[in-house]
């Protein structure tokens, strides 16, 4: 039983990290029809700048703050300079964002050096605690709590506030929402910034979780995030949460019981979903739910 | 003399490489319902979309309340007080009726609340299905929601594109009645193929043929002119 619970916690923690990365990606795709392959670049920049601030100052909270600010700033740059000129053209979007992803990845090496960096959780999140006979690793629980909080806050905003309604409506019909007096460019930019900040936050939280960060991890996580977006339904916020947890749990259990299949499990999941539900677990009539 | 709220002069517009509007000129007088008539593909919908800023104007002038609105962003045009009901109704299918209305409200004040109450009295079905998703409404209910949404703000001008399209005759009657009531509160530019509805609501008409306004006048004059109706509208 302990083993199962620990595998579930591992899976949920991994799933939450993927969710943070994928949620921004799915909103950006749903609202703007943009395939942003540079999203993983924001993940690594969040990780490296956040870890730099954390290790320099000793404050983990400051590290998270710096990662989020980095995500916001890079989000503005990516949207304005890279994505805006290629709205409506998916082929150009894939090429230019993939190119920008590589630029971001290589630039990490220029700024922070080419070597991997070891990262440890802050003292207050280090170690574990025991409930009954079960050992809980603090940092994993912390990631699960942060992921849940982000999901709840974002869901509340999307469902209960006017700005959330505008985003959801914009995902469904960009033209109509403009004729109701909404400046869609401002909404696009805001969603892009928030999505980028979530990616950067995910990168920062991932650092102490994996214990090591390196420039190439952005591309690896990007692929995971895309798989999650496809499984969840492109544009569906709730779908990305469920799909991320599914992928995280599948990875955790496969890695233990069938290690040889642990890398293939995501692709298998995606293939199954695409065969039976080509539009993903949550069919999106436009978008974000 | 009545003032012209909207003035469109010699407008030309393209959709991609296709030259759709060749020479559109029309005046919409305050407090009236002006109807754009014409056969399918004549350019009526494109005219409304061009006024709303959804198509670029390549030549000509559009002024609203004396102010140039040519090639302005659609949201700016909407914020000047123009409401738009597109041909496909533009309902946000996954939002509820209430959310479709809320997303349109620009200012939450007492006047808007009163307006909302008035419009919900006009379309009681919307109140009844307030929590139902827009995508699950019938064609007539969607049309009512689209009109209500455009009307909930204090827009001076409503652009309504074929409200009778695909609706049962009894629903068309209801929509006609509602447009007649709204006429007291806003100026309306209506695109309509259903001549019965057009003549029951319209004060003035413009006939568009092959992207050009070819004729205009008072609706009652057109009603009596069988020759014109046959020539431009195919009504025998």
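Glycine too: its Cβ is placed from the backbone N, Cα and C atoms.
Ranges compared are A:37-55, A:94-112, and TrEMBL records transmembrane segment for A:94-112. Residues A:139-158 are the range that TrEMBL records as transmembrane segment, among A:119-138, A:139-158. The transmembrane segment (A:139-158) is not in contact with the transmembrane segment (A:60-82), judged by fewer than 3 CB-CB distances under 8 Å for residue pairs 6 or more apart in sequence. Nonlocal intrachain contacts for the transmembrane segment (A:94-112), taken as residues 6+ away from its ends with a CB within less than 8 angstroms of a stretch CB, comprise 34-42, 44-45, 48, 52, 74, 78, 82-83, 86, 215-216, 218-219, 222. Below 8 angstroms of C-beta separation, residues 7-8, 10-19, 21-23, 25-27, 29-31, 37, 39-40, 43, 101, 151, 154-155, 158, 171, 202-203, 206, 265-267, 269-270, 273-274, 279-284, 286-289 of the same chain, each at least six residues beyond the ends of the transmembrane segment (A:221-249), sit close to that stretch.
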